[in-house]
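J.: Below: one structure in structure tokens.
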Amino acid sequence: MNTKILDQLEFNKVKDQFTEYLQTEQAQAELRDLVPMTNPERIQNQFTEIQEMSEIFIEHHGFAIGSLRDISEPLRRLELDADLNIQELIAIKKVLQASADLSRFYADLENVELIALKRLFEKIEAFPSLQGSLQSINDGGFIEHFASPELQNIRRQLKACDDAIRQTLQDILKKSGHMLAENLIASRNGRSVLPVKNTYRNRIAGVVHDISSSGNTVYIEPRAVIQLNEKITQLRADERHEMARILHELSDQLRPHTAAIANNAWILGHMDFIRGKYLYLHDKKAIIPEISDNQTLQLLNVRHPLLINPVANDLRFDEDLTVIVITGPNTGGKTVMLKTLGLAQLMAQSGLPILADKGSRVAIFQEIFADIGDEQSIEQSLSTFSSHMTHIVEILNTADSNSLVLVDELGAGTDPQEGASLAMAILEHLRLSQIKTMATTHYPELKAYGIETQHVENASMEFDTATLRPTYRFMQGVPGRSNAFEIARRLGLNEIIVKEAENLTDTDSDVNRIIEQLEAQTVETQKRLEHIKDVEQENLKFNRAVKKLYNEFSHEYDKELEKAQKEIQEMVDTALAESDSILKNLHDKSQLKPHEVIDAKGKLKKLAAQVDLSKNKVLRKAKKEKAARAPRVGDDIIVTAYGQRGTLTSQAKNGNWEAQVGLIKMSLKADEFTLVRAQAEAQQPKKKQINVVKKAKKTSSDGPRARLDLRGKRYEEAMQELDAFIDQALLNNMSQVEIIHGIGTGVIRDAVTKYLRRHRHVKNFEYAPQSAGGSGCTIATLG
């Protein structure tokens, strides 16, 4: 798009309004480089980014990047094998820290569905090792002692020397205080000295480094500290050398990652820019417009972004409307209306929110042209007309059906009759070329053109004859009328004279009366529309209030539900503990076989609702603070991942435990099981509910479940359920299981086959007989 239109409509001033909402230099640079786009997909993507940022603010009450410098120049220097200075390293350190913070924010993000922003969040790369290395430089620009052992040693020696010097000088102060001009230790040329009275300069042996302007004080470095000061000077040089080496090493660590760090910096800046767009939208009560696909546009209550308290107006360009002609006298706001339309389009095509109401729709134009300028004096009329015509010629030679043309005072600056004819001919050319055009004129002849010509519509700016002031309201469909007679009458001109003037222009008076009636009807319609909008706003406020109350109720409901779930889980755990005790006693008395004990326990567990308390903060804290007792061989345990009971059989050298769980021997870490007697057993995570059906009844009691139905499951969910199902089957001594996966696309079926092929407790597997499901069901033999 041509850049001339940006200057004509003062688009850079609009962009400046976004500056106060941006925190990073990268976002400021992106704003400076922002120009209108012509690709609808790119524009829509930026609108989606703003919408998703709005949802983040609503759900999480904020989002911030922090103040970040532009690091493009330091990164360029790294690529040239240059070493960075401390301030440049601090700038990169802050970018890496902000990147890590943003990644954590995204990981903790809940209740927000992201599409456009998700792509940005997931492209951020973390550099924990680089962050750790850069911690050796604090934000004040100081290299910490721990940056290297050598630096730490140098600074330790410096402190020792400095302490020794101070102690020596303090001793001199005590003994020779009467010889000193001031009872303090001064510094000259980086060396510690004493301010000695000139009369005693020969009483203290040492080197004179300075004399006061009055000559009464001599700054002497006592001989006793000269050697120490020399050592400090050398240590300072060593310190500078070591710090330079550290900066070189840090630069070398960053060098291989310049591209990724640059990408992170761009994402942070772009995120900040999106945040700024949202804050502008929120503060200015702006909106994200819809995008039409047929060059129609509808702007509801659109406002000029650069005016203070602008009047809001509605404007539409339907598919069958090509030209809008705004007629009527000057100073009514016609030019402002032209600029308002142009700026709304430029802002929207730049991915910015516009000052309008919801339901507004913009078109996507490949070019926007304008001829807008203030009228010049009569003496300059020729140059004014020539200037306008030069612009018009350029526009007509370049514009096409994908363009928007804005012309102010078309045909002005020449003979009125010729100017009106020329204006009409130009508008007709634009109409026939199907170029969307809005033009202003004060020529009354164009009113008839707007009424009589297809795809052309008149418009005007409302004028309040009671106050004799323009209202700046845009009245589409109503041509402008002359208010000269009414103004003259209200200003006190003799009524006889006014009547005589009206009689001399009977035809024009009839037209004006018709226009006046149209204006009255339009004003009445606008009042009704405003009333409807007010009602809609009240309904919107009511809906928001109801939604807020609902959210508060839902929050309290969730808290009470979690509390109830905890109480229920405690009751269930107590019952399960009692059942464990009963079954153990029966087993000890050899009244049940081992596999019958496991089977009975499984049936008892089915009575317990599996309550998900994994998000219960109180329980998580209690779990962390529980008094742990060291496990021993022979202890009964609960395997956390499966909720199954087992027994510890031995402990390996690496600290892991061997456990017997049903038919399976497992190697477990200490945090992968809990002791049966520990209170924390009540806190085990909720097991994944497995979709199974019972085996055919072979005895009077229910048998263990041996069929898993994975139809309709997602891949990850299906694999989790399959893994848990096979473990449960092995623990219940099942020899054969059925897995129903259906045929479908074959993804789940292939995944089941791969899983069974790798499992060491699956002897063999095959598809079920055709009568029992065929290739939609797999039968696996366990052992």
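Every residue gets a Cβ built from N, Cα and C, even glycine.
In case it helps, Swiss-Prot gives these features for our protein:
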BINDING   Gly328, Pro329, Asn330, Thr331, Gly332, Gly333, Lys334, Thr335  ATP binding site
DOMAIN    708-783  domain 'Smr'
J.: Counting other Cβ atoms within 10 Å, pick out the least crowded of the binding-site residues Gly328, Pro329, Gly332, Gly333.
T.: Pro329
J.: Far apart in sequence but close in space: which same-chain residues, 6 or more away, have a Cβ under 8 Å from Lys334 (ATP binding site)?
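T.: Within the chain, Lys334 (ATP binding site) has Cβ neighbours under 8 Å at Ile326, Gly328, Asp408, Thr440, Met461.
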J.: So how many other Cβ atoms are close to Thr335 (ATP binding site), meaning within 10 Å of its Cβ?
T.: 19
J.: Residue counts in helix (H, G, I), strand (E, B) and coil for the domain 'Smr' (708-783), per DSSP?
T.: 35 helix, 19 strand, 22 coil
